[in-house]
Amino acid sequence: MASQLTDAFARKFYYLRLSITDVCNFRCTYCLPDGYKPSGVTNKGFLTVDEIRRVTRAFASLGTEKVRLTGGEPSLRRDFTDIIAAVRENDAIRQIAVTTNGYRLERDVANWRDAGLTGINVSVDSLDARQFHAITGQDKFNQVMAGIDAAFEAGFEKVKVNTVLMRDVNHHQLDTFLNWIQHRPIQLRFIELMETGEGIELFRKHHISGQVLRDELLRRGWIHQLRQRSDGPAQVFCHPDYAGEIGLIMPYEKDFCATCNRLRVSSIGKLHLCLFGEGGVNLRDLLEDDTQQQALEARISAALREKKQTHFLHQNNTGITQNLSYIGG
């Protein structure tokens with residue numbers, strides 16, 4: 001095995017977020033309010049199963065322990081189960097997760113688990129069916145809820161739910177969410193609304209700091225848990241009276257980037273050192289053949305020397321991220 005991926009600031013990288021498509025069938029107000037618009041990349045232009053196998057093999061050799069499959073909506077790929085199985089071939093990768101809108105969860109989650117999936121994140125921004133429809137553009141609330149139930153029935157001991165925190169939309173619904181997770185092993189993760197190139201006005205109107213929720217959780221006796229090295233950026237809180245947990249992802253908080261442990265590869269094979277960074281390092285020309293793995297690992301390691309210490313969101317610099325479907329949020 002090559003040496004562990006480490007940047008100039010001594011941060012070690014155990015976590016790969018791999019986008020496999022930028023296509024999505026939902027029209028979430030904070031991501032794709034006008035729906036998916038092809039950018040010239042057809043379905044045939046996204047990474048193939050073999051390319052995914054090669055890129056995850058290289059990252060596994062460089063110390064990656066966790067891979068999250070993202071999009072767009074990853075389950076829209078017909079070969080999604082094959083993709084899970086391809087990542088699963090790497091013994092060094094202990095966790096394989098997906099972030100999904102839940103559209104196909106009820107139908108397919110058992111097959112995904114059989115293929116090797118170990119974790120699920122489902123996007124649910126409201127527990128009110130009408131508001132869910134208004135936010136996502138899809139009247140699929142009951143279908144998504146049934147999918148979460150199906151995940152538990154398939155054997156997943158915990159399901160993570162992502163909720164984008166928005167002022168005057170859902171920030172006042174904490175009690176509703178807490179009631180939902182009281183007897184369910186769900187880690188509900190409130191994610192601060194982030195500014196993107198296409199979402200400046202939405203951000204100005206609806207952004208609210210997760211600090212508001214954190215203060216309220218602490219007031220109610222919730223306890224801050226320690227992070228594991230391959231965990232994502234959430235600050236996780238537990239309470240003895242609840243089966244579920246609360247996570248807070250606050251990218252505008254001081255020192256948010258200090259614990260960064262993740263890298264991103266887009267659905268067309270570009271390595272992104274930060275969700276809000278500029279450009280990207282092309283890897284695709286080194287994904288054509290198994291014999292290129294050493295060169296691929298070298299390019300990944302070399303690119304890491306250019307990773308910045310922090311993002312520049314506080315300066316209203318969102319980098320290349322025009323919307324969150326592009327490199328998987």
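Easy rule for this one: first residue shown is 1, then count along the chain.
Cβ from N, Cα, C; glycine included.
Note that the structure is a prediction, hence the values are computed from the model and not measured.
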Among Arg17, Arg214 - the residue Swiss-Prot places in the same GTP site as Arg68, Thr99, Lys160, Arg262, Leu263, Arg264: Arg17
Structural state of Arg262 (GTP binding site), classified by DSSP into three states: strand
Per DSSP, three-state class assigned to Cys257 ([4Fe-4S] cluster 2 binding site): helix
Packing count at Cys31 ([4Fe-4S] cluster 1 binding site) (other Cβ atoms within 10 Å of its Cβ): 23
Long-range Cβ environment of Leu263 (GTP binding site), under 8 Å and at least 6 residues apart: Leu5, Phe13, Tyr15, Leu16, Arg17, Phe59, Leu271, His272, Leu273, Leu304
Of the binding-site residues listed as Cys24, Cys28, Thr99, Cys274, the one whose CA lies nearest the CA of Ser123 (S-adenosyl-L-methionine binding site): Thr99
